[in-house]
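Only one structure is covered here, and it is reproduced in the block below.
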Amino acid sequence: MSEASEIRQRGSKPAEVPGAEPSNEQILTKIAKTEDKGTPVFLEAVRTLLLLLIVSSALSYFVTREDIFWGMKRPAWTRPAVLKTWLNGPQEFTDEDLKKYDGSDPELPIYLAINGTIYDVSQGRRHYGPGGSYHFFSGADASRAFVTNCFKDDITPDMRGVEEMFMPLDDPEVDSLYTSGQLKVMRQQERKKAKDQVHANLKHWADFFEGSSKYPKVGRVKRQKDWETRGEKPVLCKRAHEGRKKRDPPPKA
Ligand SMILES: *[C@@H]1O[C@H](CO)[C@@H](O)[C@H](O)[C@H]1NC(C)=O
């Protein structure tokens, strides 16, 4: 075939050299053609958005291991532990039973109790498991320690006398400025106010666990009726005792 006939066969189209970059003109023609008979732009946009949403959700889950949508709270019912708890119904454990749920057995959930209510804190294994900074709360009702912050001595639900940490210390020098009648009334008022403070402190933590979707409620600690008056009343731990101050002297008349 002669060079001339070859050109004729190809018509007036510019020569396409195989492997050469297409010209801008060719690209534009191609895009125009695709848009003509391809998917409508609107559908294309919807498809892109959906894809972005899926990729974002997957990425969010991958990064946070919690949320499908960045930062938004995952509904509690999507957690297996919560579902299991609901299916089981409220459970009862004795203080003794609770001990084995302290995280030392990786097969068991981690439980802690506060004011007699048990929560599953397995989702916080990093904090509540062995070596975690809150491990002392696990496998027990440590209500007393939640208030006193004595994490070694006060792993007990026994709250007897805790209010003393919020009461002034008796001091002969200051107290001699009051009559014995005045002192008696003051001590009563001090104790009442201190008990309210203990209640508020414990309630703060009880509310924290109750309000957390991460730590589902498991049930209640089963105890004997008179458990709160049994045995020796615990002594106020050193740390809590050291925070006490003397009574204020009477205001000068
Ligand atoms: C602890 O539980 C008892 C009932 O068992 C309740 O009367 C009390 O108010 C609770 N204390 C706090 C601080 O929530």
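Glycine too: its Cβ is placed from the backbone N, Cα and C atoms.
Annotations in TrEMBL come from automatic prediction, not curation.
The shown structure was predicted, so the numbers you read here are calculated from the model rather than taken from an experiment.
Here is what TrEMBL says about this protein:
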REGION    1-23  region 'Disordered'
TRANSMEM  45-64  transmembrane segment
REGION    218-253  region 'Disordered'
COMPBIAS  224-235  compositional bias 'Basic and acidic residues'
COMPBIAS  236-247  compositional bias 'Basic residues'
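Counting residues 6+ beyond its ends, the region 'Disordered' (218-253) has Cβ neighbours under 8 Å at 85, 90-95, 98, 111, 113, 116-120, 141, 144, 148-150, 153-154, 156-162, 164-165, 167-171, 174-175, 177-178, 182, 186 in the same chain. The helix, strand and coil residue counts that DSSP assigns across the compositional bias 'Basic and acidic residues' (224-235) are 3 helix, 0 strand, 9 coil.
Per DSSP, the secondary structure of the compositional bias 'Basic residues' (236-247) breaks down as 5 helix, 1 strand, 6 coil.
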